[in-house]
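Everything on this sheet refers to the single structure shown next.
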Amino acid sequence: MTRNILAPLTLGLVLLFLIGPFIIIVAASFSAGETLAFPPQGFSFKWIAKVFTVESFRQSFGTSLFLAIGGTLAALILGIPAAYAMSRYRLPGAETVRFMVSLPIVVPGIVVGLALLRYFVIPAGVPILLALFLAHTALILPYAVRVVSASLANLRSDMEEAAVILGASRIGAFVRVVLPNIRGGILAAFILGFVTSFNQVPVSLFLSGPGVRTLPIDMLGYMEIVFDPSIAALSSLLAFLSIGIVLLAERFLGFSRYV
Amino acid sequence: MFHNRAEAYALALPAAVFAAIVFLVPVGLLLSEGLHGPGGWSLSAYVQFFSEPLNQKIFLRTLKLGLMVTATAAVIGYATAYAIVSMPAGTKGRMIGLVVLPMMISPVARTYAWIVILGRTGIVNEALKFVGLTDAPIRFLFTETAVFLGLLQLFLPLMIISLVSALENLPKDAVPAARILGANWLQVFVKIILPLTREGLIVGGTLVFTGSLTAYITPAILGGSKVLMLETLLYQQVTVASNFPAASVIAFLLIAMSFSANILLRRIATARSGK
């Protein structure tokens, strides 16, 4: 039975290919050397420490954090009612709404970024940060609608119908019956949206100006000038941050049920 | 099911209108820019774009790399997904976790790692020198191979995940039954596994293909200006050449390819639910 050896061997090689680069980055962040190399020269925390002293990283981290949190919240505020309307109402043109909302998945990010720069930012004087916020919100919207729809589909609609019959207002029924039941789905959508926005590059590529840059764009710019292990250190810190968030969510919510 | 139409629209329209204003309007304007000639509407931007041999080459290279990455991901994906599916439940969950793990990591970091592996003093070159295969470092960066590897690493998890869920729905006895009846592994794959997991393959394939077409960081870092792809060409046309008609043509090509892949996917999905 040759395949009994072949299958685990394939899996092992594939995992090495997928995770190896990550291990290299983590190892390189603890290097004591001046350039990025593997195996790392010596061991030190100096590159990890350096990340926190670079002013532009601090600034762009703040921008990215604002976009990820603000964009995801805005996407949920728009997306939850839309998902609710599509799952609980007879909505003529639901397909059109679904199509509109899922556009951001189909249109490549770089095209959206350029279009916003050329028709919003330059002629209409829309501030770059606002354009970034709009773009990130739109980008997260499809995920928000999809995840919330999935969790609405798992919730029987007779509960809120019963609440309405018993005299609750439609809004009251939504807030007191539906919302508590789809809490997990909303949090899952939030995490998914946050990670998507935080790692997003193409949309933000054209939308950067003095003092306004997302962290990944800042990292790309830094890499072109300096080739030291600080980008590796920053990458590992970010990676552990997002893995940590996802693991916590999985532990407390069973995140994977919703995605 | 509620029937109040006004309420339904009040709930659904803000999201749709928002997407229309932020996406449809500016992107529509950008696309129309490529259809204006000196004397009104014309396709001259398209004619001009495709009359440039370099642009033709970049267009074909983008398609070629997209197809190669998708095909390789499918082959590796089937082998890996099959190995994962035949594991006991606990190990299976952990393996899926490991496959998904890289997707949590910033693509900038994931691409950056390849510089350490493929660079002049990178792991591969040092290993080759150590074994005595080369004296001078071989250039791996800024080649199609580097872009191919980077894209494959980025999108392979999507294919594996799609195929794992497809293979899990395969009736447990189908493969052993075919084997007992005398089919060899190739026949089992072509006659049993492939038809029964076709949808998973198509979902995974669409995700990998559109992902590869629209990735920016990987071709930018690992291909540079030596191995331009449509995305990096678009960036260059805007920032270096300020050639907006050309940028509009590239934008159209990217959207058209991404749309066709998605429509194909949707058609297959509805054909399935209709039967």
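For all residues, glycine too, the Cβ spot is worked out from N, Cα and C.
Lifted from TrEMBL, the feature list:
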- B:59-265: domain 'ABC transmembrane type-1' (DOMAIN)
- B:12-31: transmembrane segment (TRANSMEM)
- B:65-84: transmembrane segment (TRANSMEM)
- B:96-119: transmembrane segment (TRANSMEM)
- B:140-164: transmembrane segment (TRANSMEM)
- B:201-224: transmembrane segment (TRANSMEM)
- B:244-265: transmembrane segment (TRANSMEM)
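Ranked by the number of CB pairs under 8 Å to the transmembrane segment (B:65-84), the listed stretches B:12-31, B:96-119, B:140-164 are led by B:140-164. Residues of the same chain lying 6 or more positions beyond the ends of the transmembrane segment (B:12-31) and with a Cβ under 8 Å from any Cβ of it are 247-248, 251-252, 255. The listed stretches are B:96-119, B:201-224, B:244-265; of these, B:201-224 has the most Cβ pairs under 8 Å to the transmembrane segment (B:140-164).
Listed as Cβ neighbours of the transmembrane segment (B:201-224) (distance under 8 Å, sequence separation of 6 or more from its ends, same chain) are residues 62-63, 65-67, 69-70, 73-74, 77, 107-108, 111-112, 114-115, 118, 141-144, 146-147, 149-151, 154-156, 158-163, 166, 194, 230-232, 235, 254, 257-258, 261-262, 264-265, 268.
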